[in-house]
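So that you can see what the record holds, here are the features copied from TrEMBL:
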type	residues	note
DOMAIN	4-348	domain 'Isopropylmalate dehydrogenase-like'
BINDING	Arg97, Arg107, Arg135, Asp222	substrate binding site
SITE	Tyr142	site 'Important for catalysis'
SITE	Lys190	site 'Important for catalysis'
BINDING	Asp222, Asp246, Asp250	Mg(2+) binding site
Amino acid sequence: MSKSIAILAGDGIGPEVTKQAVKCLDAIAEVFNHKISYQEALIGAAAIDATGNPFPEATEEICKATDAILFGAIGHPKYDNDPTAKVRPEQGLLAMRKKLGLFANVRPVNSYEVLLPISPLKEEIIRGTDFVVFRELTGGIYFGEPRGRSEDGNIAFDSCVYTKHEIERIAHYAFKAAEKRRKKVTLVDKANVLATSRLWRETVTALAKQYPEIKLDFMFVDNAAMKIIQNPKHFDVVLTENMFGDIITDEASVISGSLGMLPSASLGTNQSLFEPIHGSYPEVAGQNKANPIGAILSAAMLLEYAFQWHEESNLIKKAVAKTLDEGFTTEDIFKENAKGTEEVGDKIASFIKSDSKVLAN
Ligand code: IPM
Ligand code: MN
């Protein structure tokens, strides 16, 4: 099989972790005799420096012409403390999500046996955690109009806006995912306060009738923030709006042990993008210290969701698990005897190649 992937490495640690993901994809291509071609494109601070635009048209075209997009990270400290900056790297990511229609962000959260001791949470609470968050990605307060500042500059406003259509299309994805899992959807909202949340409840309740096998429950986001770390096994599929999903998935990463572990998929009708949920982590950029596993697991999600290469995707996940079992990790996980970004990437790629022989025999 022959496929093409757009590589948007982005800022900070983005390029070095993406390189490891590509290394693993190349290992898969070798083992399964596939042909994967890559097209690199600019995004974020790197794109602003080169073109003045954080999501240049040339990048948009490459994204539309390829079979899937692998994305690294976005953000640069020179913009973070400058409220006057007119163009910000993050606008590139938001513009890309909107222009490519990537409305469903899928963020799986799992605990790993070997990583249980490094989580600040109690082992018995997090052992066996396995849920997935469906975060709406192109609506809500991130994009709602009107937004801005009053003329005198003393008032600022953002609007949270949702349409029934926006809610329905991601809800279908969440219910379909639940059908293949433990058949439970938890809608996280703030329906006791927000009109948009009440529309979510109403719409999702009506839509749930099409999925009689699925149990739907509701939880206010403040309560959910507590439950996620108090009893994460309560959750199977979590369905929620854009900003709540952003916040609770960073929180949930504590269960896996490091933000560097979590992958994500952003799905649309025509395009799909895969990225680790971590940011650009400029403090360690270029130092061969960043954890590449979030990026590598994002590549595994790419194979599963964009190409439907399930066996290939599972092989990457198995190779990651094996590497973790050996305690072969970057410093965010085990400080003692920590390995570099490249070395962890090499190890996972080598397990992909050797495990495949075991499978073949
Ligand atoms: C994420 C990030 C982005 C978001 C930022 C960088 C705009 O935090 O993908 O979770 O808020 O969606
Ligand atoms: Mn976030």
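Every residue gets a Cβ built from N, Cα and C, even glycine.
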Which binding-site residues from the set Arg97, Arg107, Arg135, Asp222, Asp246, Asp250 come within 10 angstroms of Lys190 (site 'Important for catalysis'), judged by C-alpha positions?
Asp222
Three states by DSSP: which one describes Arg97 (substrate binding site)?
helix
Less than 6 Å between Cβ and the nearest atom of ligand 1 is the rule; apply it to the recorded positions Arg97, Arg107, Lys190, Asp222, Asp246.
Asp246
Say we define neighbours as other CB atoms within 10 Å of the CB. Which of the recorded positions Arg97, Arg107, Arg135, Lys190 has the fewest?
Lys190
So which of the binding-site residues is most packed in, judged by how many other Cβ atoms lie within 10 Å of its Cβ, out of Asp222, Asp246, Asp250?
Asp246
Compare the Cα of Arg135 (substrate binding site) against each of the recorded positions Tyr142, Asp246, Asp250 and report the nearest.
Asp246
Asp246 (Mg(2+) binding site) and Asp222 (substrate binding site), distance between Cα atoms, whole Å:
14
Just the number: how many Å between the Cα atoms of Asp250 (Mg(2+) binding site) and Arg107 (substrate binding site)?
10
